[in-house]
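Structure first, then comments.
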Amino acid sequence: MIRLAAFDIDGTLTINRSSTVLCLEAIDALRKLEKNGVIVVLVSSNALPVVVGLKKYIGLSGPAIGETGALIYYGEEEIVATTKYSAKQAYLDVLEKYNEYVYGSWQNMFRLHDYALKIRKQYLSKDNEIYSLIKEYVENKYPYIKVGYSGYAIHLTPKDTGKGKALKQIMEKHGIRREETMGVGDSIMDWEFIKETKIKVAVANADPELRRKADIVTTKPSGYGVVEIVEKILDKPP
């Protein structure tokens, strides 16, 4: 029986991978999981206030992971950092050096550890080239920082943290075994937490690499794939 289910947000709970519009059917599915006693965890690279705000307004009561795993929200009186480092210096450096290609996410003023860069519209067709350029520059100059690309933003994150580390801490705190968990995502960046779960799920339109690694690939994309896997879990628990 699944006791904890972890979900990425952008591209997973949205209507598709190029939109930030939530799939309302997916939100209903998450609520249904909670009503059936499953702890629902939102896992995101968004700033923590965004993740917590979303969690509260859609009616979830479980923990929330923000900043690519650097911060965990358990409640108003318990917010835990999983790293002592910050990528801010590297972020400011990249912003100055590669300003032609990228700009800072508006969420960065609400971040402490993980920082995000958005690719300018005129360069979106070269997103992977720009990502590779920045990744090589940052990881060579700042050995304590790793660089990832979600398809929405380029993230600079302390190497000693991640979505998987944060999810494992939550599992330990709640006394939940790997065999009792499920992880769902759309980006290869999500593999970091999905690999820590028993049932590893990629939505139909996920990155090819994530689809290859996952145990289950839904037949429907993004939020509609979430509805599909939740219905399967509740109807016939693995």
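Each Cβ is built from the backbone N, Cα and C atoms, and glycine gets one as well.
Quick look at what Swiss-Prot annotates:
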ACT_SITE  D8  active site, nucleophile
BINDING   D8, D10, D186, D190  Mg(2+) binding site
BINDING   K163  substrate binding site
Using other CB atoms within 10 angstroms as the count, which residue among the recorded positions D8, D10, D186, D190 scores least? D10
Beyond D8, D10, D186, D190, what residues of that chain have CB atoms within 8 A of the centre of the Mg(2+) site's CB atoms? F7, I9, G11, T12, S44, S150, G185, S187, M189, A206
Tertiary neighbours of the residue listed as 'substrate binding site' (same chain, Cβ under 8 Å, six or more apart): V43, I65, T68, G69, M189, D190, E192, F193
Between the residue listed as 'active site, nucleophile' and D186 (Mg(2+) binding site): CA-CA distance (Å): 8
Quick one: what's DSSP say for K163 (substrate binding site), helix, strand or coil? helix
